Amino acid sequence: MTAETTKQPTPAAPAPAPSDLSTAADRPDVKMSARDVHVHYGDTHAIKGVTMNVNAREVTALIGPSGCGKSTFLRCFNRMNDTVASARVDGEILLDTQDIHAPEIDVVQLRARVGMVFQKPNPFPKSIYDNVAYGPRIHGLVRNRADLDEVVETSLQKAGLWDEVSDRLEVPGTSLSGGQQQRLCIARAIAVNPEVILMDEPCSALDPIATARIEELIEDLRQRYAIVVVTHSMQQAARISQRTAFFHLGHLVEYGETGALFTSPQQEKTKDYITGRYG
Amino acid sequence: MASASDRPASRHRDGGRAQWHSPAMTRRIRRRYLGDRLFRAAGLAALTAAGLFLLLLVGNIAWQARTGFFQTELRLEVAIPADVAAGETPGSPGFGAAVDAYPWRSVALSALRERFGADSRGDLASLRGLISRGGAAVALRAAVRDDPTLIGRRATLWLPASEPADQWAKDRDAATALSERQVGWLESFAAAGDLKTHFNGRFFATGNSRDPALAGIGGAVIGSFLTLLVTLAVAFPIGVFTAIYLEEFAPQNRITDFIEVNINNLAAVPSIVFGLLGLQVFLNTFGMPRSAPVVGGLTLALMTLPTIIISGRAALKAVPNSIRDAALGLGASRTQVVLHHVLPAAMPGMLTGTIIGMAQALGETAPLLMIGMVAFIVEVPASFTEAATVLPVQIYMWAELPEAAYRAKTAAGISVLLIFLISMNALAVYLRNRFETK
Ligand SMILES: Nc1ncnc2c1ncn2[C@@H]1O[C@H](COP(=O)(O)OP(=O)(O)OP(=O)(O)O)[C@@H](O)[C@H]1O
Ligand SMILES: [Mg+2]
């Protein structure tokens, strides 16, 4: 991994272009890239010109004080903001080499390629099996029941839930514990074999043991997917991510290798935040 | 002026700390408990009162209806004349017509005369007053049609008693319109075991009649059923699709708001206005048949639509957004999200709303009066375009008649209506539970 650090201008002093403007278009290790992304909710300017890359086979953590726009930015990557009537997204976001806002991009297919796990576990009120099978079914990824069974089993295994539920796949997903539900949601997301997984505070509703399991899982999943995680816990960001982006009031203040960002932040704001002076 | 320490607030507080064991605090707790108990008692009292009213209503109707489901019959030995349908082979259409046309009432009268040997004109009138006008003819006709070999022979048959005789049999102590002579005859019937009051199955099979012994609720039940079928078939799909479109797909703009406000207004429009609309549109403009279930059903569908749309939207709103997000995040299209997740989750609520709307429609009279469903209809309707009446209208028409028998039939009709309503609500509960456990 290269140790370059993309510094963003502080909100007070916009101007110098980021040192690294290479995008997914010319870098094979870059999976997604955002270029000068702005998001407005009606009159609220929630994301103010963010430019950053998401690398393949890495965990990218988004940190920052509450309300700074982490969730909003995360939802840009699979165009979930399209479902918010008041939201408007400007700028360019590339998946591999393609702009995801291009007219020929089918947003439904995009969301299959860029999966999402939400803050609150939200299994469908259907059986565990149907939860995991739903994605493959609607996208026609399997030809017969045996294939589907296999996808369900491997997805649950990858999500570390198989051993706990293999004998009761027909019970409702909503009857599982919070941590199990979150792993079910992860299994559901990886069942469609996405290229990128977006996670919005996936552990905020979980106890330390369940959190540890999810963190292990994220580490495993990193081998195959590009992962973007929003987290409020800087310890978690340090534990699980390779790169960290610090947001403040809609600006990307600092983005770089996790170790470097936490040990020697380049920006005063970042230093204040990670030393717990505010936020 | 009192110092600050005398003020009630400061008694609980001492240097900013609450005094949890002070007498004032204890009093406050006791007052709170009393308040809790009073509140619960008030709730219980309200519930009891509501329950009592309901019990009173249902009990009163059931009490009045008890005789409406029964009919008294008299056993008579009848000589079936040999000239009934002379020259016709049994089973042919001509035979049936001839049997129907025969003056059966005089046959029944002769049987009575034979039994009591009365001859004077007055006696004959009194005898005639014992058996039901139309009922006796219907019973004799049915007997001969069933068994043509009876023609020219004597048969012992049960014939429906007249309305006053029926009332006398049901309550012998009540004031009666019968003469002493007639009561004497009836007593002799009873003594011989030739008088019985039995459950009136015909009540559920026939339409209206001027003869209380023949009047039944069957025609109105079928009429209501056909009407509601039309209402359901029209209002449910339109209502559900409207609710889905407004809730899940419509852009948030002025037009949507305008439509929404107007649907809410429609729900508050008096039902008779829908009757006027139905009269103008379906009868006058489209020239559909008067009094027909199809027109009644369409009119009631107009009335029920707002209810279904509003309850449907409420049910859709109650589906948590996290479910929509989850499906969208997996790459489901808007339509798939609605069909696979939102609609199944909202279905119990939608069905409940629909059934409540249908129950309202079932009990509705005013709009149907406007489209002529208040007609006197003897035949049980067999199609959507035949003249028909519905339960509440039938009840309303019986309630206007003076005879005690119709009073009982009114109550019996109300019971039938209530049973329908209860069954519909039970169905709503059943469907809700079924869909929810899925
Ligand atoms: N649906 C919405 N409509 C209007 N404004 C919104 C909406 N969602 C978010 N916002 C606004 O956008 C800004 C960023 O919100 P966002 O949810 O992205 O913050 P966040 O960093 O995820 O916060 P948290 O850490 O508390 O989850 C906030 O000021 C918020 O009020
Ligand atoms: Mg958030």
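Every residue gets a Cβ built from N, Cα and C, even glycine.
Annotation comment: TrEMBL describes B:221-428 as domain 'ABC transmembrane type-1'.
The region 'Disordered' annotation in TrEMBL covers B:1-21.
With a threshold of 8 Å between CB atoms, the same-chain residues lying at least 6 positions outside the transmembrane segment (B:38-63) that come near it are 411, 414-415, 418. Look at TrEMBL and you will find B:38-63 (among others) tagged as transmembrane segment.
The transmembrane segment feature in TrEMBL is assigned to B:213-246 (among others). If you look at the transmembrane segment (B:213-246), the same-chain residues 6 or more away from its ends with a CB under 8 A from one of its CBs are 71, 132, 134-135, 138, 160-163, 166, 202-207, 256, 259-260, 263, 293-294, 296-298, 300-301, 304-305, 307-309, 312-313, 315-316, 338, 343, 350, 354, 357-358, 361-362, 368, 373, 377-384, 388-391, 393-395, 398, 405-406, 409, 412-413, 416, 420.
As annotated by TrEMBL, transmembrane segment applies to B:266-283 (among others). Cβ atoms under 8 Å from those of the transmembrane segment (B:266-283) belong to residues 290, 295-296, 298-300, 302-303, 305-307, 310, 364, 366-372 of the same chain, restricted to positions at least 6 beyond its ends.
When Cβ-Cβ distances below 8 Å are used as the criterion, the transmembrane segment (B:295-316) is approached by residues 223, 226-231, 233-236, 238-240, 242-244, 246-248, 263-264, 266-267, 271, 274-275, 277-278, 282-283, 288-289, 342, 346-350, 352-354, 356-358, 360-361, 364, 367-368, 370-371, 373, 384, 388, 390 of the same chain, each at least six residues removed from its ends. Annotation comment: TrEMBL describes B:295-316 (among others) as transmembrane segment.
Residues or ranges marked as transmembrane segment in TrEMBL: B:337-362 (among others).
The transmembrane segment annotation in TrEMBL covers B:368-399 (among others).
Per TrEMBL, transmembrane segment is recorded for B:411-431 (among others).
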Residue numbers, six or more beyond the limits of the transmembrane segment (B:411-431), whose CB comes under 8 Å of its CB atoms: 58, 61-65, 68-69, 203, 217, 220-221, 224, 348, 351-352, 355-356, 358-359, 362-363, 391-392, 394-395, 398
Long-range Cβ neighbours of the transmembrane segment (B:368-399) (under 8 Å; 6 or more residues past either end): 205-209, 215, 217-224, 226-227, 230, 272, 275-276, 278-279, 282-283, 288-297, 299-300, 362, 406-407, 409-410, 413-414, 416-417, 420
